[in-house]
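J.: Have a look at the structure that comes next, please.
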């Protein structure tokens, strides 16, 4: 169909949408084209807007302004209510809480859903994976052999990666660098509380007349509840995807089939998928010392978290003789520690990080590290504390108190590391988080496999002490990055400001 007649001098699109030039632009991979530069003190601005503005300023006074593309659909100015960063605080908080509840029932995630969210937006990968995860609780609940359980758990675990892989990017879509730290506090508390609450509920359910199969039915019920809430609350948050949808709508309304979004200008090819989404994360892991070290540290932390789920029943059920349900109650102290750790992250954001942000006008990644340094020191202390108060003749109280410090220190060290990577790598952070998630998820799956043999062979005291010594070895990492991180980032080829 022919497009509507247009005055050659008309440089606006329907609905007053602003436009930018697309002539002679360098073509970047789609993942980088879609990235939005975010500022806490103002709405989002496309990265190429600054480049274009500078180019206009550099032109001689007599030079005509660059020709605008009348068919490029963008947000209608910096205050466009359709921009996720301009949504109401109430709406953004509701989305954050809903995403956090969805992660409450999942634990493991591979590398594929993060890249998918860059191509198809956040909503489709999030809910497609979540629905598959929920459905595959049913065959596990009715399984008659271990093969069925293992196969369906694998598929369900693969699909369960969707919330963990997508939510970090979605929070970056709707919150600026400063406010994002508060949002991640909520998300982190939910993501850590789910795996910890599972053994508490599962222990009592398994002991009851319901049996172990009802642990799967309860997971399905909770997934349906939180997923249903999210389905009504969570909208598409990817700015690039929103503009694609808006451009499609305008094409049908105006019959101007040339209207398009920036993301439509670059076709996603197999080569792009391989180089940008699959290969680049591992290239970054090999070339970036910050990413490699933080990923190694976080993998150990993630592995310890899941190893403790095997260790605590040995300590409190086998050694102290508590019932299966009661032996999981010490994890309540872990939840208390998570609450304390969340408060510490929020306090650090409201003081040190905010002060640095206002001073420099941008996020300084190293200001994420002071809470991480503190908790990196507390973590091995808590492990040694738990280790040497684990004997049956010693009261259970010291071990439970140590559990609280374990919960808080694990939470803060882990999630401040995530924040640090996001701030360090900017629009490359999706690749950094993808490979980080992939490696640490392997650790989370492998550590429990040798937990029982290690704890029964070495005893709770020495087995936990080994974990403490490993954590001691990582204490210098955040300290060194706090001191030298800026200079390391300056030499990085993936430095977004370089």
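Note that the numbers count up from 1, one per residue, in the order the chain is shown.
Note that Cβ sites are derived from N, Cα and C of the backbone, with glycine treated the same way.
Okay, these came from TrEMBL:
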REGION    1-83  region 'Disordered'
DOMAIN    1-498  domain 'Major facilitator superfamily (MFS) profile'
COMPBIAS  11-22  compositional bias 'Polar residues'
COMPBIAS  35-55  compositional bias 'Basic and acidic residues'
TRANSMEM  93-112  transmembrane segment
TRANSMEM  124-142  transmembrane segment
TRANSMEM  154-174  transmembrane segment
TRANSMEM  181-202  transmembrane segment
TRANSMEM  214-234  transmembrane segment
TRANSMEM  290-309  transmembrane segment
TRANSMEM  321-348  transmembrane segment
TRANSMEM  369-388  transmembrane segment
TRANSMEM  394-415  transmembrane segment
TRANSMEM  427-450  transmembrane segment
TRANSMEM  462-482  transmembrane segment
J.: Please figure out which one of 154-174, 321-348, 369-388 racks up the most CB pairs under 8 Å against the transmembrane segment (394-415).
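T.: Stretch with the highest Cβ contact count: 321-348.
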J.: Counting only residues 6 or more past its boundaries, what in the same chain has a CB within less than 8 Å of a CB in the transmembrane segment (124-142)?
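T.: For the transmembrane segment (124-142), the nonlocal Cβ contacts are 99, 102, 106, 113, 116-117, 148-149, 152-153, 155-157, 159-163, 165-167, 170, 213-214, 216-217, 219-220, 223-224, 227, 230-231, 234.
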J.: Considering only Cβ pairs under 8 Å, which range in 154-174, 214-234, 369-388, 427-450, 462-482 makes the most contacts with the transmembrane segment (290-309)?
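T.: Most contacts with the transmembrane segment (290-309): 427-450.
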J.: Taking the transmembrane segment (369-388) as reference, which of 181-202, 214-234, 462-482 has the most Cβ pairs under 8 angstroms?
T.: 462-482
